[in-house]
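For reference, the structure discussed in these notes is given below.
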């Protein structure tokens, strides 16, 4: 049977008819009955025990080879067009941003460049018909379909970001904390700066506040440098020179653990030693370039800069770090042959690398995504390196506040004297916050408040119960209409003439031929009510079967005739002919293929 089932198989590979629901006979009007029939493929997904896991995704090439690409493109067009023959490009980009995707996303470069070229070459005034739309989206159809089906890690992205914005505004009112003054260049930072950016593991983006202003990574670079070292050298080798335990001391103490090595990579001594391990056979410039290339990949090639003023300021006033360096040298903590001054120089350089909240959030999302950059798809860090890094961030990342942060927030994070906080929600998203005023423990005053309120509202804490935590929101769950895909919702949309709802159902891979316990479909209901737009959508976009009989033996055409909806009658009669022809052609093709297969076996 030619219908939306082929599309559903390609998108969901799940779903069943389940329990029976109820709609009345057309002679009584298609009234809402008592029962419901759940779409089990979607309902079962809600009983998950893990926050989010990526299922194997079909590539655009696979979709094209299976003949599904044109159907996906058509359905996407109908969903966005909302009954219009052409789509304004700005309407497409607005709908795209509502899913969390940005037009600047590298994965959509081909799609957006084609749209721009179409506008320049055609006289359509920025309008795309179905054919032009197909050409533009064909190379990104799988990603776009997932976005509009709300199949990303945070399905209701606009609702989620609305909550984030409110938390941001609450933290904005805070006035406590002081800008760090012990590094002269940082003392000039504007205390009113306040920005938050997030990037999910699916590449959904949101920014609020001062998110395009460059700032130095400072200590936020420590977990990144450690991750690079473990990825290139391995865990065992790196931890010959640095430990894994919280120190219980200030981050810049001259102190070693019982084994005579720095306590962990998040204190200055540990970070300096880790810096010394990178490309030991290379000169200073090559070492810095090597790390910078890694950081660029983690940030998806977004903004990355270098503050020479901060670097020089660090070198001129870094007496404590020089003391730590000489202490480490005296205790023989560096690998044999390492130049201690070169290691300190690299450490100062890396602390002076600049990012914005936006590029920093992508770096955090790369950690959240197991080392794979979400906006480029490039595998940057090993899974082992990411696991180790997040573990150390969780236990040692927030200076002397690490224990309390792990207790109250329960997420891996790293703070910096620049006022930055790099926050990771594993398997969900990464965030970068910036607010220069620091509390007495050296963490961003606004940033700490933001993180605490975020976890008090959402069940992101590592030990929040994902099944039974009723007081907290779970943005990973699909809400409302998407979650409750029932035959009642489908038939009620057809009854009320809500084509927009039907488009969303179809794009979400709902079976558009579902029946209630009277065996009535959405096409039966729409035909009985005379909703010509609904009937058109069901037969043109969804290709539903018009010959389904209800328990009284009526097909949708019979209902249209009974209630004297002449336009619907004409439309269904024409569709009957084309549907029967296509069915015949499909059967002939299937028989021919079976015959060829049989002959090849003989």
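Indices start at 1 and increase along the chain as displayed.
Every residue, even glycine, has its Cβ placed from backbone N, Cα and C.
Model, not experiment: these values are computed from the prediction.
Under the heading substrate binding site, Swiss-Prot lists 219, 268, 314, 321, 347, 399, 417. Long-range Cβ proximity for residue 314 (substrate binding site), meaning a same-chain Cβ under 8 A and a gap of 6 or more residues, is found for 183, 321, 348, 351, 352.
The number of other Cβ atoms within 10 Å of the Cβ belonging to residue 253 (N6-succinyllysine), over all protein chains shown, comes to 17. Under the heading N6-succinyllysine, Swiss-Prot lists 253, citing similarity to another entry as support.
Annotation source Swiss-Prot lists region 'Disordered' at 1-28 (among others).
Per Swiss-Prot, the feature region 'Disordered' maps to 46-67 (among others).
Summarising the annotation, Swiss-Prot assigns repeat 'ANK 2' to 552-585.
The annotation transit peptide is assigned in Swiss-Prot to 1-14 on the grounds of sequence analysis.
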- Counting Cβ atoms within 10 Å across all protein chains shown, which of the binding-site residues 347, 399 comes out on top? 347
- Non-local Cβ contacts of residue 219 (substrate binding site) (under 8 Å, 6 or more apart, same chain)? 251, 266, 271, 351, 414, 415, 416, 417
- Task: Looking only at C-alpha atoms, tell me how far residue 268 (substrate binding site) is from residue 253 (N6-succinyllysine), rounded to the nearest Å.
- Result: 8
- Least Cβ-crowded entry, counting other Cβ within 10 Å, from the binding-site residues listed as 268, 321: 321
- Task: Rounding to the nearest whole angstrom, report the longest C-alpha distance spanning 219, 268, 314, 321, 347, 399, 417, listed for substrate.
- Result: 19
- Nearest-integer angstrom distance between the alpha carbons (Cα) of residue 253 (N6-succinyllysine) and residue 347 (substrate binding site): 17
- Mean pLDDT, the repeat 'ANK 2' (552-585)? 87
